[in-house]
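For reference, the structure is listed below as structure tokens.
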Amino acid sequence: MGEPIYRRVVVKLSGEYFAGPQSYGIDQSTIDRVAGDLIAARGLGVEIAVVVGGGNIFRGVEVSARGVSRPTGDTMGMLATVMNCLALGEALQRHGQKARTLSSFVMPQVCDLYTRAAAQQTLGEGGIALLAGGTGNPFFTTDTTAVLRAAEIGADAVLKATNVDGVYSADPKRDPKATRFERLTHSEALAGGYKVMDATAFALARETSLPIIVFSIAEPGSIGTVLGGAGRATVVAG
């Protein structure tokens, strides 16, 4: 791993990835591997906050198509992100890394309430801040949450961990002619309609001048590699 080019980041992790080889739930070996990667990255001196999706447990958009209202479905999905953060937090602590789950929902028996000050305190004390509960409002994705929280806590970048190694002109799993972009501006990402993040997230990143680095989480150690400015990834900035 090279010298990190960022000092404070928000890492956005897919909830689906937490399911591992399963299609649902939490795969402990996958959680442990992600925890190890985060700890190694933290060891570089980088302050790390994490936003996790909830798609391995619940997807509000899908259930809303089956009769549940979109606000209720989205709220259920945001609660699923709390479960994922609790699982990741326990794995981090088991490996000796201080971690704190901060939720946009008030649930004092489970975790602390997210505030900007609480997140910054956790980072300043060497802990990894796990930012759960989405924005706390329906109709906003956890990608948008990651950009919002990054702007709030003064992060240098959002690291978007996916199952592909960057932003492509088309789905590389379906189109063998798809090409990977090394760099895109926020406006180009918006105009291209690339599905790696939603338009609201890209628009907010543009407004707040936040770089987004899209990379594959499949390779062990990839978080640290990206922090050093190396590896295969797409940088969305400018």
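Count begins at 1; order follows the chain as displayed.
Using the three backbone atoms N, Cα and C, a Cβ is placed for every residue, glycine included.
What Swiss-Prot lists as ATP binding site is Lys12, Leu13, Ser14, Gly15, Gly55, Arg59, Thr162, Asn163, Tyr168, Asp171. Secondary structure at Gly55 (ATP binding site), taken from DSSP and collapsed to helix, strand or coil, is coil.
Just so you know, the Cβ of Phe139 (UMP binding site) picks up 12 other Cβ atoms within 10 Å once every protein chain is counted. When secondary structure is read from DSSP and collapsed to three states, Phe139 (UMP binding site) falls in the coil class. Per Swiss-Prot, the feature UMP binding site maps to Gly54, Asp74, Thr135, Gly136, Asn137, Pro138, Phe139, Phe140, Thr141, Thr142.
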Name, in the order they occur in the sequence, the residues of the same chain whose CB lies under 8 A from the CB of Thr141 (UMP binding site) and which sit 6 or more residues away.
Gly134, Asp198, Thr200, Ala201
Closest of the binding-site residues to Lys12 (ATP binding site), Cα to Cα, picking from Gly54, Thr135, Asn137?
Gly54
Any same-chain residues 6+ apart from Gly55 (ATP binding site) with CB under 8 Å of its CB? Would you list them in sequence order, or say none?
Ser14, Gly15, Glu16, Gly77, Ala80
Compile a sequence-ordered list of residues in the same chain as Thr162 (ATP binding site), six or more apart from it, whose Cβ lies below 8 A from its Cβ; state 'none' when nothing qualifies.
Ser14, Val196, Val214, Phe215, Ser216, Ile217
